[in-house]
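S.K.: Okay, handing you the structure first.
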Amino acid sequence: MHKNSLLGQIIYTSIMSAVLLMACLEWFLWLAAFLYCLVKVFQKSEHWSINVLCIIVGTAFVLLRVIFLPIMVVTLPLPDAIAKLWPEEMVSFLQWFAFWAFAILLTVPWLFCIYQVVTNQLGRTKRMKQVLDDVTAPKVVIVMPCYREEPEVLIKAINSVVDCDYPPSCIHVFLSFDGEEEDNLYLNTISQLGVLLKTESHPRSIDVKYRSARVTISRFPHGGKRHCQKVTFKLIDRVYEEYLKRNDNLFILFIDSDCILDKVCLQNFVYDMELSPGNTGEMLAMTGVITSTTKKHSIITLLQDMEYIHGQLFERTVESGCGSVTCLPGALTMLRFSAFRRMAKYYFVDKAEQCEDLFDFAKCHLGEDRWLTHLFMIGAKKRHQIQMCTSAFCKTEAVQSTRSLVKQRRRWFLGFITNEVCMLTDWRLWKRYPILILVRFMQNTIRTTALLFFVMVLAIMTTVKKVDDLPVGFIAISLGLNWMLMLYFGAKLRRFKIWLYPLMFILNPFYNWYYMVYGIFTAGQRTWGGPRADAAAADSHTTAREAAEQAEKQGDELNVVPETFKAAHEARRAASNRESTTTSELGRTKSVIRPPGKIDGKFSARQKTASGMYAHPDEMDISANDVEKGRRGTRGFFADRDSLDSISSAQNIDLGVSTPRRMKLLMNEEDLRKYQLGQQIQNRNSGIDDAEGIYRQPIRTPSAFPHAHSASANDIPLHDLGANDTAAQGSRSEDIQRFSEGRGIGTRADNGRSRNVGNSSFASRMAKRTPKTSR
């Protein structure tokens, strides 16, 4: 027995020594990295309040970290020979302090999460009691940038969108290819979507109807994901410009091309943002729940699955309860279009070109989603306008290899810590979201303490310590509270593998330790050692984005020279415009640490004016002449939501995008018959009946359509079909009058603003009322 006990102590001491060294290194590196970011923010600050907060936050952070260091030592189950060296009074006080400090820091967020789970429905269940149709459902445009995606993955993503339990006529997918080449991916995709054109080259933008939903397929010059989203937004803005003047029920959803939407994802998003009882229409942005899926299961994919669920349903739900989420991921984010439109020029600016060093590169490029969320948080006028929708789900493919996972998590870590410090030093966030920022700060102080729990488990396994000798309450709070939530989440979502949360509780600290140490050392090597000889740099011929892409292709996204980005950008702008070599944006010698003050409160929804138009408060001075001019230049209040309403007013505006060509205009009669036959087959396969009579309309050859004015020889807009049909206008008026008198979905009792008026498809209304009369 004595030999076994001695052997257990030897094994325990040897393992514990290594783990303790790891914990100390992690403790020091996190402190050093946080202070380094504070110093960089202090050096780059554009306002004195940033410097003051740097000092206050830095001092408080160091003090709390220093206090937790002796707590870590006395809490560890050290051998008795060592534990006897500590004064009993000091040990008792520190353990008492540790218990209550961690209890508060863990229990308070847990209670916020419980409150959010109770007050908001969790799960993939339909929340709408009424059936949405093309009148009551708000319009949703989905932006899906695509670059070198697997064809079957892309088609699966598109199908998940158009097959959502949402009126197809209210779905408009913008599938944007990041590149103008007509490669196999593009040709295969348009073929799958029913494009039967056999030409040497296709229009840069094509409109098709796929499973009763509208899909706009576009090819843009290669510029990266954010640039692709930018030019797509310009196209959307051009399409719906006039529609937005008379409606504020247009929403834009950003998703990745490998994301699979849940069946009720769109409906639940819209319910929370617009249609829930008592909704005032002030919700501006929401993110959903992104879960991982995989074809090949492993311990890595299992940990990712549990981490995704815990990180979103716990951490983001807590943030949502405190006032706002701090990260709107580009993989699943819905925004109110009229509000986002005011932020677009700040949202889509090329942040990489403003980088001066690796700190800026990590903040604006690696942590782009967090930086942009910071932008929205300042732009919002009040709390709880940027939230988490716990009933909108989508799936994305989990990372399969350890190498790819480490690179991904290094990117996340560097983007997180740089943006976290920027948020903690922005007094506007402390003023608007005090509880949120305080919770974020306190959680940062207790990071990197998870390895201690492994030591406690090891002590029990090696019988060096008894359970009575360990801080059981300490373990019960940290593990027990989280495990209870994961048990509930697993049962609610029927995702029972997340019940293995204790496995993640033990293993994840080691993975997180490696992610952080690897990220800090590689970033530090780049910062103090200088760039490698093959590092990508920007110059007069290479943009910052191209340099970043070159580094990613080489397998190391940190192998760049961000010090060259801003200088190269200024040189190119000076060469392109000799008369104005500087701007207000470039006149500053230091990079921007926080969003500019002029966006404060700018992220807001439009309000209805006396003239029936929608405008922001600072746009309310529209004169009667302007309103009348707008009426004469558009199709009127009852605009057909399926048309490109803004084309007539935007023909002479060069936005650098191509107006979509309606595919029917490019077909001969035989191809058109094949296309409509394919549409009927798609319709049957997707389970959608032809109640609206869409396919019973007579076939119209290209010659049957009137000639359309186009911005260029290659760009033909969709036509204003039926715009002069007075009978249709009368039918629309009857629809709106009847629907507005009832207080159902689509009306708002507080200000009398009716939603979605006249939004039903013109073709569907004509088919219902005069089935024998063609459009």
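Cβ atoms are placed via backbone N, Cα and C, with glycine included.
Here's the feature list from Swiss-Prot:
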COMPBIAS  532-541  compositional bias 'Low complexity'
COMPBIAS  542-556  compositional bias 'Basic and acidic residues'
COMPBIAS  577-586  compositional bias 'Polar residues'
COMPBIAS  702-713  compositional bias 'Low complexity'
COMPBIAS  732-741  compositional bias 'Basic and acidic residues'
COMPBIAS  754-763  compositional bias 'Polar residues'
COMPBIAS  766-775  compositional bias 'Basic residues'
CARBOHYD  Asn724  N-linked glycosylation site
CARBOHYD  Asn759  N-linked glycosylation site
REGION    532-603  region 'Disordered'
REGION    702-775  region 'Disordered'
TRANSMEM  19-39  transmembrane segment
TRANSMEM  54-74  transmembrane segment
TRANSMEM  94-114  transmembrane segment
TRANSMEM  441-461  transmembrane segment
TRANSMEM  470-490  transmembrane segment
TRANSMEM  498-518  transmembrane segment
S.K.: When you scan the chain for residues with a C-beta under 8 Å from the transmembrane segment (498-518), skipping those not six or more beyond its ends, what do you find?
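M.R.: That would be 22, 25-26, 29-30, 33, 299, 302-303, 305-307, 309-310, 406, 409-410, 413, 448, 450-451, 453-454, 457, 479, 482-483, 486-487, 489-490.
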S.K.: What are the DSSP helix/strand/coil residue counts across the compositional bias 'Basic and acidic residues' (542-556)?
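M.R.: Final tally across the stretch: 10 helix, 0 strand, 5 coil.
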S.K.: DSSP helix, strand and coil counts for the compositional bias 'Low complexity' (532-541)?
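M.R.: Counting residues per DSSP class in the compositional bias 'Low complexity' (532-541), I get 0 helix, 2 strand, 8 coil.
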